[in-house]
Amino acid sequence: MRLILLGPPGAGKGTQAQRIVEKHGIPQLSTGDMLRAAVAAGTEVGKRAKAVMDAGKLVSDDIVNAIVSERIDQPDCARGFILDGFPRTLVQADATEAMLKAKGLELSAVIEIKVDDAVLADRISGRYTCANCGAGYHDENLRPKVEGVCDRCGSTHFKRRADDNRETVVERLQVYYKETSPLIGYYYAKGKLQSVDGMADIEHVTANIEAILSKL
């Protein structure tokens with residue numbers, strides 16, 4: 001089961017990815033986490049990435065693609081994975097397709113979580129995560145079962161992203177619609193796209209995604 005979740009900031013991709021990980025036992029592959037791990041491990045591609053980052057430059061698509069490729073070869077990805085934050089552009093999508101094909105693999109599905117722009121500001125400004133394990137929560141829609149205690153690891157320390165505020169929502173949406181939303185048409189043309197209504201409550205969104213996954 002090899003998946004990509006698409007949707008604007010605040011659509012609930014992180015929450016749903018977390019639930020897929022817990023239910024199906026496949027890893028969620030975050031480009032940021034993979035970059036840091038490759039640099040820490042001192043792999044060849046990690047050294048290339050470190051040199052670029054130390055110079056204060058953005059890591060190129062070819063380096064990110066190489067790190068994703070390296071990560072997918074790890075044993076815990078044998079049953080599948082969820083790509084988180086990659087691909088973001090059509091160029092990256094083409095590179096991902098070519099990389100998977102070279103390994104004899106293909107994407108199982110690309111799931112688009114559709115949410116109206118009008119509600120995204122409320123969703124984004126209310127988000128926070130466990131500082132220890134990264135579990136996601138929301139002031140209104142997804143509070144811990146015990147107030148102030150993480151459901152997953154029991155930590156009492158939480159944090160909010162600096163850019164999770166109303167002022168940056170418009171800018172982040174503009175970037176999404178310019179760079180990432182073209183992927184919806186790209187994967188639709190390949191017969192991989194599945195859409196779910198992200199305006200529903202979290203449990204209904206999860207159920208709709210599971211209905212899609214059950215047919216893969």
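Each residue, glycine too, has its Cβ placed from N, Cα and C.
If you check Swiss-Prot, you get these features:
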type	residues	note
BINDING	Gly10, Ala11, Gly12, Lys13, Gly14, Thr15, Arg127, Ala200	ATP binding site
REGION	30-59	region 'NMP'
BINDING	Thr31, Arg36, Lys57, Leu58, Val59, Gly85, Phe86, Pro87, Arg88, Gln92, Arg160, Arg172	AMP binding site
REGION	126-163	region 'LID'
BINDING	Cys130, Cys133, Cys150, Cys153	Zn(2+) binding site
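Projection of Swiss-Prot feature records onto the structure.
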residue: Ala11; record: ATP binding site; Cβ contacts under 8 Å, 6 or more apart: Ile113, Lys114, Val115, Leu120, Arg123, Gly198
residue: Gly12; record: ATP binding site; Cβ contacts under 8 Å, 6 or more apart: Ile113, Val115, Arg123, Gly198, Ile202, Val205
residue: Lys13; record: ATP binding site; Cβ contacts under 8 Å, 6 or more apart: Leu5, Leu6, Gly7, Asp84, Ile113
residue: Gly14; record: ATP binding site; Cβ contacts under 8 Å, 6 or more apart: Asp84, Gly136
residue: Lys57; record: AMP binding site; Cβ contacts under 8 Å, 6 or more apart: none
residue: Val59; record: AMP binding site; Cβ contacts under 8 Å, 6 or more apart: Leu35, Ala49, Val52, Met53
residue: Arg127; record: ATP binding site; Cβ contacts under 8 Å, 6 or more apart: Gly10, Gly136, Tyr137, His138, Arg160, Arg161, Asp164
residue: Cys150; record: Zn(2+) binding site; Cβ contacts under 8 Å, 6 or more apart: Cys130, Asn132, Cys133, Ala135, Pro144, Thr156, Phe158
residue: Cys153; record: Zn(2+) binding site; Cβ contacts under 8 Å, 6 or more apart: Cys130, Asn132, Cys133, Ala135
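Annotated Zn(2+) site Cys130, Cys133, Cys150, Cys153; additional same-chain residues within 8 Å of its Cβ mean position, judged by their own Cβ, are Ala131, Asn132, Gly134, Ala135, Asp151, Arg152, Gly154, Ser155. Under DSSP, Cys130 (Zn(2+) binding site) is assigned to a strand (E or B) in the three-state scheme.
Confidence annotation: the region 'LID' (126-163) carries a mean pLDDT of 93 in the model.
The Cβ of Thr15 (ATP binding site) has Gly136, Leu142, Ile202 as same-chain neighbours under 8 Å, each 6 or more residues away in sequence. On its own chain, Thr31 (AMP binding site) has Val64, Ile67, Val68, Asp84, Gly85, Phe86 as residues at least 6 apart in sequence with a Cβ closer than 8 Å to its own Cβ. Counted within 10 Å of its Cβ, the other Cβ atoms near Gly10 (ATP binding site) come to 26, all protein chains included.
Here the C-alpha separation of Arg88 (AMP binding site) and Ala200 (ATP binding site) works out to 25 Å. Under DSSP, Lys13 (ATP binding site) is assigned to a helix (H, G or I) in the three-state scheme.
The candidate set comprises the binding-site residues Arg88, Arg160. Of these, Arg88 has the most other Cβ atoms within 10 Å. For the region 'NMP' (30-59), DSSP puts the residue distribution at 22 helix, 1 strand, 7 coil. The least crowded of the binding-site residues Cys130, Cys133, judged by other CB atoms within 10 A of its own CB, is Cys133.
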